[in-house]
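Quick look at what Swiss-Prot lists:
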- 1-18: compositional bias 'Polar residues' (COMPBIAS)
- 37-56: compositional bias 'Low complexity' (COMPBIAS)
- 63-126: domain 'CBS 1' (DOMAIN)
- 133-190: domain 'CBS 2' (DOMAIN)
- 233-293: domain 'CBS 3' (DOMAIN)
- 301-358: domain 'CBS 4' (DOMAIN)
- 411-498: domain 'PB1' (DOMAIN)
- S18: phosphoserine (MOD_RES)
- 1-58: region 'Disordered' (REGION)
- 521-543: transmembrane segment (TRANSMEM)
Amino acid sequence: MANQGGPSRKSLSFSGHSFQGRKKASENEGGGGGGSDLLPRRSLTSSRSSISLSGERSGERTVKRLRLCKALTVPDSTTLFEACRRMAARRVDALLLTDSNALLCGILTDRDIATKVIAKQLNLEETPVSKVMTKNPVFVLSDTIAVEALQKMVQGKFRHLPVVENGEVIALLDIAKCLYDAIARMERSVEKGKAIAAAVEGVEKNWGTSIAGPNTFMETLRERIFKPSLSTIIPENTKVLKVGLDETVLGVTMKMVEYQSSAAMVMVENKLVGILTSKDILMRVISQNLPQETTTVEKVMTPNPESATVDMAIVEALHIMHNGKFLHLPVLDKDGDVVAVIDVIHITHAAVTTAGSTAGINNETANSMMQKFWDSAMALSPNEDGDETRSEEESMKLSSEIEVTKSFSYPNTFAFKLQDKKGRMHRFMCETQSLTTLITAILQRMGDDIEPDNLPQIMYEDEDNDKVVLASDNDLGAAVEHAKSIGWKGLKLHLDYTEERGHRRGLSSEDMDYDQSNSWAAAYKTVAAGAALAAGLGVLVYLKRNSN
């Protein structure tokens, strides 16, 4: 989705400088003039005074620590055929273009190929990609606060965002991957919502600490976790592109332009039998060198696609899309007719818009809730859950291709593994600066195993097979540093539920219990916030719907 009717993807100059997202920075580069873009013409950087261009801000996750993809980059003089071939070979749906000075000058997406190339019958082998690319794409600096960048992408309704560091494009941010991560964690949080709420109450009772604080929104969620249906976010009179099996790919792309859509529903006697998307056209038509004038939809469509019903819960629809790893989901009415086609960005944008305009919820509160949502979704390290980021060894080396690989390190993260009560081993990456963060990661995997009235002691196994207590942030930091010093790449954790626990020398039982109580309380609060925001979007949609 290059644009989807949102703000045009113009370059955004860095606030306070004439800086344009480029492969290499130039001293004389300009960020461009004004214009009627809905977004200001500047890079997506934080407006906060605490911004640092040289490093990451303390306590806030930055774009650099999101799930980034390597950027496939080619010269803008490359032919469309070669560009499409490389995109198909790498199985990516976005390509960055550079000018003769190796400066970033454009972006090309699968939707551009369908609507600007195939629909207009351009000669793939003779037309340079510069003729159809979106010029001067929006970019984001690597040290931009991640929450702000993601919310800007949702508001702008575009998926792909080049990431710039020290004037060079280092990666590409695909919001769909970030949203799928959030969806997976939302799903886990929603399933554990009641257990988390009970755990919060239990910890408050045992430790005499108020975790949630004066939060009316949280109290509302405890009383009623409402999951609205897809019908609440589908606009009236939605136009759906429907085609037949015998229509040609060329004809369908022309209709995509007319409907401003990147997906066509394939129908037989008003029944859905397939779906054809712009990515299908790239991967199955152009890459196979099939003639779009004569190739029929039936030959290249995805048959019998997953679908949803108008009364399906939003969370369930997101779960289907996450499991299937696809972007478009047809929505059917009770008669089986397709009434809409949704995607993750559509759903998230609708939820955010509704949250921001709900009666009784001011913009500051709505923005705060959305920030908590993103913060919760990003609470774990980006390499968790089967990181899809490719390694350098997996890179496809193509001649004359400029390829930017992801080579980020995460100096404040470390690998951990932990066995649950069912004998299953959990492996994950986690920040090491705070014991609360580690406990949060444990709760998100083993929350059902842990009773708030019998909180375990966290221990790790050292090189002598001794179990050593982790009672504070300093303990955690020391354990990780020691593990690194002896060449270990991870720590094995244990949860000790016995009444008589070993303690570190120099730390009293009272001090340790105090530190532990604070860490467990803060961790439960973090996990509860994730459940709250996942369900909270549903509550806000419900409140808005009933206030009209």
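Backbone N, Cα and C atoms are what each Cβ position is placed from, and that goes for glycine too.
Secondary structure of the domain 'CBS 3' (233-293), assigned with DSSP and counted as helix (H, G, I), strand (E, B) and coil, comes to 20 helix, 16 strand, 25 coil. With DSSP classes pooled into helix, strand and coil, the tally for the domain 'PB1' (411-498) is 28 helix, 29 strand, 31 coil. Residue counts for the domain 'CBS 1' (63-126) by DSSP state, with H, G and I taken as helix and E and B as strand, are 23 helix, 19 strand, 22 coil. The average pLDDT the prediction assigns to the domain 'CBS 1' (63-126) is 90.
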